[in-house]
Amino acid sequence: MASTSSLALSQALLTRAISHNGSENCVSIPAFSALKSTSPRTSGTISSRRRNASTISHSLRPLVRAAAVEAIVTSSDSSLVDKSVNTIRFLAIDAVEKAKSGHPGLPMGCAPMSHILYDEVMKYNPKNPYWFNRDRFVLSAGHGCMLQYALLHLAGYDSVREEDLKSFRQWGSKTPGHPENFETPGVEATTGPLGQGIANAVGLALAEKHLAARFNKPDNEIVDHYTYSILGDGCQMEGISNEVCSLAGHWGLGKLIAFYDDNHISIDGDTDIAFTESVDKRFEALGWHVIWVKNGNNGYDEIRAAIREAKAVTDKPTLIKVTTTIGYGSPNKANSYSVHGAALGEKEVEATRNNLGWPYEPFHVPEDVKSHWSRHTPEGAALEADWNAKFAAYEKKYPEEAAELKSIISGELPVGWEKALPTYTPDSPGDATRNLSQQCLNALAKAVPGFLGGSADLASSNMTMLKAFGNFQKATPEERNLRFGVREHGMGAICNGIALHSPGFIPYCATFFVFTDYMRAAMRISALSEAGVIYVMTHDSIGLGEDGPTHQPIEHLSSFRAMPNIMMFRPADGNETAGAYKIAVTKRKTPSVLALSRQKLPQLPGTSIESVEKGGYTISDNSTGNKPDVILIGTGSELEIAAQAAEKLREQGKSVRVVSFVCWELFDEQSDAYKESVLPSDVSARVSIEAGSTFGWGKIVGGKGKSIGIDTFGASAPAGKLYKEFGITIEAMVEAAKSLI
């Protein structure tokens, strides 16, 4: 019997089932502790083009020794396995055909390996997709998403019913054109941009390894699950996959098993036109165990043996190269790029049905297949119930560790965590906001169990080291400093995986703000997939000085303000930095970017942690009746300039309001009344100042206001000289204000 605390933990996890649109009717998930346990082969012909292409291909790339794979005995009836595999194929074919859009080739080729994974290997509870100790699966080749939807449907997930398959790629459906974790319970990560999925999988596997090292005991391995992924040639070509797989090998992520769909076909044709490297040897060099399944089309025992071998290797991740035929079973399109991203067409669908001996109507699941897969509901319930009992015993014996683990699993922050954040007064010493950020990071790491992160080889510049913890490494996975090396893109995507593993994981990652250009795709996926990663971006302007325009961000603030579901903070001092972290920690479905200075800044009068929650607020004002002569608006290092310009104008008898615009997105969320109290509509004299692009400031200052900024690239010179030459000065702001009054 699960403990009361375990029941509460179950209830806390139910919130994960609520879709991003706020509906609570998207999926029905009972509390996991309440679930009770109940207890001749069609080979198909292969296009001769596959054999010819294979011959050409292997003449150009060196043969790779296949790891030994033993024949194993399975209890599954081979004819039923064939039938189940073909069910997966035809659910994908039929859905793509009905939508007149999609990618049937990958599901047709990968159906055997995915069937064995979902039906024979993975542990999960289809009635609670968010059960903590489930195995995770990430379809990195996200265009083949009908493969995963078919699997979820057969496994009994309520999120993918027959009507959902029939509405594939349609408005409002639970089966979008690429996997979306926020739309479809059972989907772990949002994939589609190639390489992002395997990177997320590395993050998920890192999270498991970290939690296992922290919380497992000799008598109770409370954290014990695998991460599986399917990636294709396109994922392999993308640079991000090499970045993250290099780290996975370095970290020894033994519970990460990736299936490489080796079908030799890309959108433009055979991969020989652009991709002839030995993937096997590359992964061996990256520190992976490599297995080659030569017959991925129907070599079920080979696949089973490969998985068994992969699980036996505990000190490194495994790549299982599975040679498949894209569009397997299609007489005229198999092994062709034409089957990659378009419906087969009515005639070819019929020909494929005949070829594979499939007499059923579209979307039909044969009764014996349905009956076979139905066991996953009671088996999944039993798995979760067993784990609940295990957790109850763990909690009784190890209450402190259990409390920390529950916080990470549920996302419930410890009581009073925010009190750990530092506060400042105007008399506190001035400092660069990157240094003030480090104080916040270290305070949060001590107060929040799931807080961890690192930098892309710039920890000493980004100031992101957690002083109370060591480095997460192969031998010390319990530590919380992540060393990503110079791999910005991979870093961001790995952090997405960590954030998506459990609601209480709060990963941060860091580099120079300008190098977000190397990781923008991962940051966009953060926003789309509602992964609350904290991006610590230092050296946020020309204020970094002599390194010059290659390192000086200009358009970056504007670009992130334009990105949906991301908060762009530019704090001016210690209180605003702490306030930004407070919000970033609590907003678990929205990533945050903190743009931080290299140069020292003063602690300003009028700032506060609490005020940051408004996004924009008044820090000083000598006007009456909410009608200042002019409003000066600044962010970050330029808020000090706005404050000093205000003093100059006040000396000349002007009434001036100074507004900190630390986060546009939060200001947009405020009531109209609050916005009017800060930026009264009848005060058109407004001047903004920011050491970056002026793009977008028009909506803040209005048609009659002025924006001071930089709309060219920077230059190499000392910071003070740059500010003067680019006109980011007190004098420029005073003159602009006077011209409007």
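Note: Cβ is positioned from N, Cα and C throughout, glycine not excepted.
Annotated active site, proton donor per Swiss-Prot: Glu488, in sequence order. Glu488 (active site, proton donor) is surrounded by 27 other CB atoms, counting those within 10 A of its CB over all protein chains shown.
What Swiss-Prot records for Ala66 is N-acetylalanine, and it gives a large-scale study or a structure entry as the kind of evidence.
Per Swiss-Prot, the feature phosphoserine maps to Ser428; the stated evidence is similarity to another entry. Ser428 (phosphoserine) carries neither a helix nor a strand DSSP state and counts as coil. Using a 10 Å Cβ-Cβ cutoff, Ser428 (phosphoserine) registers 15 neighbours.
The transit peptide annotation in Swiss-Prot covers 1-65 and is backed by a large-scale study or a structure entry.
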Can you tell me the CA-to-CA distance separating Ser428 (phosphoserine) and Glu488 (active site, proton donor), as a whole number of Å? 34
Secondary structure of Glu488 (active site, proton donor) (DSSP, helix/strand/coil): helix
